[in-house]
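In what follows, a single structure is set out as C-alpha cells and then discussed.
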Amino acid sequence: MADEKEVAATHTGSDSPSPGPEADKKYGIKEHWKCLAACTLVSMCPFQYGLDFGLIGGLQAMVGFLKIFGHPAPELPSGWNIGTERQQLISSLMTLGAFISSSAAGPIAGVMSRRMAIWSASLLCIVSNIIMMSTTNIGGLYAGRLLIGLANGMFMTFSQLYIQECSPARYRGLMISSFQVWTSLGSLVGTIVDNFTEKIDGRNSYLIPLGLIFIMPVLMSLGLLLIPESPRWLMQHGKPEQARKALRWHRPFPEARIDAEIRDIEVALETESHHKSIPVWDMFRDPVDRRRTVLAVCGLTVQGASGAMYMIAYGTYFFRMAGIGQPFENSCILNGVGIVAILINSALITNFGRRRVFLVSGLVLCGLAQLLTAVVYTVNPGTKSTGQAIVALAVIYIFGYNGMVATYAWVSGGELPSQRLRSYTFGLATAVGFFAAWLTTFTAPYFINPEALNWGPKYGYIWLPSCLISAAWVYFFLPEVKNRTLEEIDEMFEARLPAKKFRKYVCVSGGTVASGSDVDTGSKKGDDVVHAEEVKV
C-alpha cells in the first residue's frame, strides 16, 4: 500500500512525471524473473543464425559436401575444392534473404505481432532445411539458403524488437547483449558438430549437422505459447486492455505503477500521432527521426565494417586453404573464445557505459589484429610459426569483435529508434547490417580462394582503415542511453542534444540521470549535469 500511495502521489495529473529508473531500483532480478525469462527465451533466436554460419562455414571445407557440390582439386591439402561462384552464393544467399526479410519488418509488423512473426520464421526455417537436406542439386541448395535467410532475418529482427519493448530499462542492455551470446554459442555448436562429422564418408557428413537446424524452431514455437505479447506493440495497435494485462505479467509493480507506465506509453504515442504520412518516409523527413535512423543504421553497421563476416563465414575454409593447423579445431577455439568474451562483457554491461571504452576499443583492436595477421603472413608465409601467430591473432580479433563490437553494436543500435517507427527503423538498420554482411561474404572468396586472388591472410590489410573510421564515428556521434527508458530516450532526442550530453541529461519524465553509478563512470571534474531547461530546441 505504501508503494501505491508513493507512486500515486507522483501522478496527480496526466502531465505529471512518472518515476524514472531510480524509482524502480528496488525491483531486482527476483521481482522481474518472468519478464527476464521471457526475454531470455526470445533472445535464443540468434542461436539459429549462429548455428547456420558455424555449420555452413565447415561444410565448405568438408570432403563429403565437396564431393557433391564441389570438384576435385589434387593440388590442395584436402584434394577437393569448391568454385568461387558457388562458394559466394552458398554463404551470401542466406544474408541476402535476411536482408530482404528485415527490410520488410515495418510492413510485417503492421499485420503480425512480435510472437506471430517469430512463429512464421520458425515454420519457414523448417521448410528451408527440408529442402537443403533433401537436394543434391546446387539450385535446390541455393533455394534453401535464400529461404533460411528470410527466416533468420525475421528471427533476428523481431526477437530484438520484443526485447527492446519488454525488458526493464536497467536490464535492457544485458538482454540485448545476450543476442551475441546465443549467436556465438550456435556457431560453436555448429563447428563442434562439423569437427566430428567431417570424418564421415558420404552425405551423412553434412546431413547430420544440418539436422540440428530443426531444434531451435521447434523449441521456440513451443516456448512462445508460455509468454505474452509485447505491451507496446499492443498499445500501438489499439489494444490497451491486452497491453495492460501483458505489462502486468512482465512487471512486478503495484497497479498504480502499471497505470503510470501505460500512461507514459500513451503519451509517447500521442506525441508522435501527428505524423500521418507513410512511416518509411518519416524515417528521413523529420530531422529528429532522420538522426535516429542514421544512428541506428550506423550503430549496427559497424559490425560489418569490422570485417568479421569473412572469418565467421569462411573461418574453417580460410584455415584449411592457408594450411594453418587443424582448421576445424581452430574454428572451435575461436568460437569458444568468443563466448567467453561475450560473457565477460555481458557481466559488465549493466555497470559501465557502452560507447567509448567498448565499441571504440573493440574496433581498434579488430583493426590492429587484422593488420598484424596480414603483415605476419606477408613476411613469412606458410611456416608453422606463422600459422601459430595467425591463430593467436585470430583469437585476439574474435575477443574484440564478439566481446566488444558485436555486443555493443546491437545494444546501441537497438535502443535508438523512435517508438512509432521502431519496426521500420530497426528493420532498416538490421537490413543494412545484413547487406554489409552479404557484401563481405559475397566478395571474400575473390580474395581468399586459391582459384581467385589467393590473398589468404593478406586480406586483413583492407580492414584496418574501415575499423578506424568506424571507431571515430562512434566516438563523436553515438550517444549513451544506458539505463534509460524508451520514453526518456524519446525525450532526449526531441531535445536535440549533442551526443556528448546524453549521458548526464536529466529527463523531465524521469527526474533523474540514467543511474547514480552511470553519472560517475568516466566523468571528470568540471562535468556538468545537463537539465532540460538548459537545452535550446
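Every residue gets a Cβ built from N, Cα and C, even glycine.
Because TrEMBL annotations are produced automatically, they should be read as predictions rather than curated entries.
It should be emphasised that the depicted structure is a prediction, and the values quoted were computed from it without experimental measurement.
Region 'Disordered' is the annotation TrEMBL gives to one range among 1-23, 507-529, and that range is 1-23. Counting Cβ pairs closer than 8 Å and at least 6 residues apart in sequence, the transmembrane segment (389-411) and the transmembrane segment (293-313) reach three or more and so form a contact. Outside the transmembrane segment (423-448) by six or more residues, the chain places 84, 87-88, 91-92, 95-96, 98-100, 102-106, 108-110, 153, 156-157, 160-161, 164, 279-280, 282-283, 289, 292-293, 296-297, 299-301, 303-305, 307, 309-310, 313-314, 317-318, 321-322, 413-414, 416-417, 454-456, 459, 462 with a CB less than 8 A from a CB of the stretch. The highest tally of CB pairs under 8 A with the transmembrane segment (89-109), across 116-136, 142-162, 357-377, 460-478, is held by 142-162. Sequence-distant contacts of the transmembrane segment (116-136) (same chain, six or more residues past either end, CB-CB distance under 8 Å): 42, 45, 48, 68, 101, 108-109, 143-145, 147-148, 150-152, 154-155, 157-159, 162, 203, 207, 210-211, 213-214, 216-218, 220-221, 224. Among residues of the same chain six or more beyond the transmembrane segment (357-377), those with a C-beta under 8 A of the stretch's C-beta atoms are 302, 305-308, 322, 345, 386, 389-390, 393-394, 396-397, 399-401, 403-405, 407-409, 412, 456-461, 463-468, 470-471, 474-475, 478, 522.
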